[in-house]
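What Swiss-Prot says about this protein:
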- 206, 239, 400, 402, 530, 531: Mg(2+) binding site (BINDING)
- 256-276: region 'Disordered' (REGION)
- 263-276: compositional bias 'Basic and acidic residues' (COMPBIAS)
- 531: active site, proton acceptor (ACT_SITE)
């Protein structure tokens, strides 16, 4: 009886094994036919960097280079495999934009298991999700093409090297788009003269990194509420800390913004009017800035001037309803206006009735190198404002000027004025921003340009003409624009007024008031930065 059972079991297992083998062969044959059909699209493809996929209904384009291989496309013209670690922003498929970030893993899983129904379902979920890009007007007729990430074995020295981003290019995506562009973007959004308006409200703010500020959603939301409440026409942001776009020498010939090397990466050419997006790390910041400009400041045109690295740099935003007549990124009128300061410290815009200069003036520091750098900048400012005065050009100079003109602009004047490191000349003793040398240069700048410190002017005017008005002296009052970021320690509660609106005397009668937005040792209305916004209101 046991032997019979054993024979039956043996026969059953053998038959089951035979059936499994047949099924397995059918499975492989079926998949080989599918794979072989897909390979037919490559039979007559010529060698070269551009090839044409003639699969089914007209096909779609894809590129091939030494660092990538061909990726098969399904009936929809979409590669089944989406790299989960690749830098994929938007993928344009005619009028549809596919959002891939949240569905990459499930999409890949469906493809690997050859579950066509599941793949179809995922695709239907993806299509229809719309992601705004930095240029709404840009449309592409290409289908979705993705180059799969792969290891690089042989690299041509002439090829661009940019990590996985260079290996995962998306046709019609962010690779060909740049944040910035200045007047080129302004012209695209140009309004008829009769609907254009004048500048009424200007805000200056040292952000101490635009991406860091944005990541704190609660504080950023409060900042945007403030911007919308005052209905700012122009926003001048300093220290945005975004690297400039690096470009090849051939590309630099076609770039409007002149480029040249900085302290780091000497000789590497940059487009200082655009944000870097050529590697994974920079692409993260690029996407944040794109989102800010597209969602929060969609009614504004942006003008960038950036350094080589995440240091310094500026962004000026102007409402599209206001005409910008010209833009300059240096202080020398005899030179090309598109030559930038190599640390992005200067943006000069011309409006109908005045020029607006936004600067992130160099910190004086505590050593001879920094002293010379600040002195050189101040000397350029002396010549610039003198030229503006002689040409009868009204000027509003704003930004983080890194100067406290008087002791009243210091929370602890005695301590600030004694600070030093090592043996330095007497005129450089003191906290950077309040040394005798800096103050002397600042006074000369005001004199040469016939300029006025507008905040101090209006404060003194109130004290002189309004008996009920008393000068604010409390550490918690809104009289300082910079406050020490530390709430404990030797420097806690220290504060200075170093962000300004310096204006031509001819413009004083057009200004309503100057307001320092932040206050308190707890940094109220500083929105995460060590500086607070300052507001200039023009008379309407």
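Using the three backbone atoms N, Cα and C, a Cβ is placed for every residue, glycine included.
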Sequence-distant neighbours of residue 239 (Mg(2+) binding site) in its chain (C-beta under 8 A, six or more apart): 206, 207, 208, 209, 312, 313, 314, 360, 400
DSSP three-state assignment (helix, strand or coil) for residue 206 (Mg(2+) binding site): strand
Least surrounded among the binding-site residues, given as 400, 530, when other CB atoms within 10 Å are counted: 530
Cβ neighbour count within 10 Å of residue 206 (Mg(2+) binding site): 25
Same-chain residues at least 6 apart in sequence whose Cβ lies under 8 Å from residue 402 (Mg(2+) binding site): 361, 362, 363, 364, 374, 432, 433, 498
Residues flanking the Mg(2+) site, with Cβ no more than 8 Å from the Cβ centroid of 206, 239, 400, 402, 530, 531 and excluding those residues themselves: 208, 238, 360, 481, 482, 498, 499, 529
Neighbourhood of residue 531 (Mg(2+) binding site) by C-beta distance under 8 A, where only residues 6 or more apart in the same chain count: 205, 206, 207, 208, 400, 481, 482, 499, 518
In three-state DSSP terms, the structure that residue 530 (Mg(2+) binding site) belongs to: coil
